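Student: Swiss-Prot lists these features:
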DOMAIN    3-225  domain 'Glutamine amidotransferase type-1'
ACT_SITE  Cys86  active site, nucleophile
ACT_SITE  His194  active site
ACT_SITE  Glu196  active site
Amino acid sequence: MKFAVIVFPGSNCDVDMFHAIKDELGEEVDYVWHDTENLDEYDAILLPGGFSYGDYLRCGAISRFANAMKAVQKAAEQGKPILGVCNGFQILVESGLLPGALMRNENLKFMCRTVQLRVENNETMFTSQYEKDEVINIPIAHGEGNYYCDEETLKKLEENNQIAFRYVENPNGSVSDIAGIVNEKGNVLGMMPHPERAVDELLGGAEGLKVFQSILKQWRETYVVNA
C-alpha cells in the first residue's frame, strides 16, 4: 500500500505522519508537495497538522485552494481513504469534504496535552481495529479545535453514524464532544487529536496506531484478497 503525506507551507506534523507509516506501519509513503496535480499512484492520502500558510484568514482557508486539494477531492470521489489530522481536519472542512467548522478553543488558549477519546463508531475504514466504546489516549495540540455545526447537521451526523471519536472530557468546547467525523461515504476522516503521535510505546503509547492499521486492513481486504 502506498500513502501520500501532503505538505503545505507551514505543515509541521508531516514528519510524524511519515514516521507512523514507514517505520511503524511498514508501508510505502511519500512526501507530496501541495502543488501536485495528480495523486493517482497513491492508495491513501494524509493531510498532516501544522499551520498551513500561517493560518491566515482562517485555519485551512488558503490551503483549500492548493492544486493538491483538487487531486484530494478526486481521490475522495474514487473512495480512497483520506485522513486529515488537526490542521488537516480544518482543511477538509474548508474544502467541503466534511461538514461543520473549527473555531477557537472555548478558553481561547492553545492546548497541548494527551486526552481520552471514546471510539463511537468502529465500523469505518479508520476505526475497525478498535472496539466500540473503547477509550484511547491520544495527544492534542491546537488553538482552533472547537468543532461546530448546526443542529440539523449534528442530527444528520448522529443518524448516519458519522461521529468516529468523542472526547471523554471535552477540552475545547466542541459541540457534542466531537473529536472526529467521517463523511457520508465513510472514506474521509477528520480528527483534531494526533494519532500519528501515539504510535510508539517507547514514546508514551501506541493507541493511535490502530487508525493506520485499520486503513491498511481495509485496503488489503479490498485489493489484495480480491486480486
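Glycine is treated like the rest: Cβ placed from N, Cα and C.
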Student: How far is it from Cys86 (active site, nucleophile) to His194 (active site), counting Cα to Cα, in Å?
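Tutor: Cys86 (active site, nucleophile) and His194 (active site) have their Cα atoms 7 Å apart.
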Student: Cys86, His194, Glu196: which of these active-site residues has the sparsest Cβ neighbourhood within 10 Å?
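Tutor: Comparing Cβ neighbours within 10 Å for the active-site residues Cys86, His194, Glu196, His194 has the fewest.
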Student: Looking only at the domain 'Glutamine amidotransferase type-1' (3-225), what is the mean pLDDT?
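Tutor: That stretch averages a pLDDT of 96.
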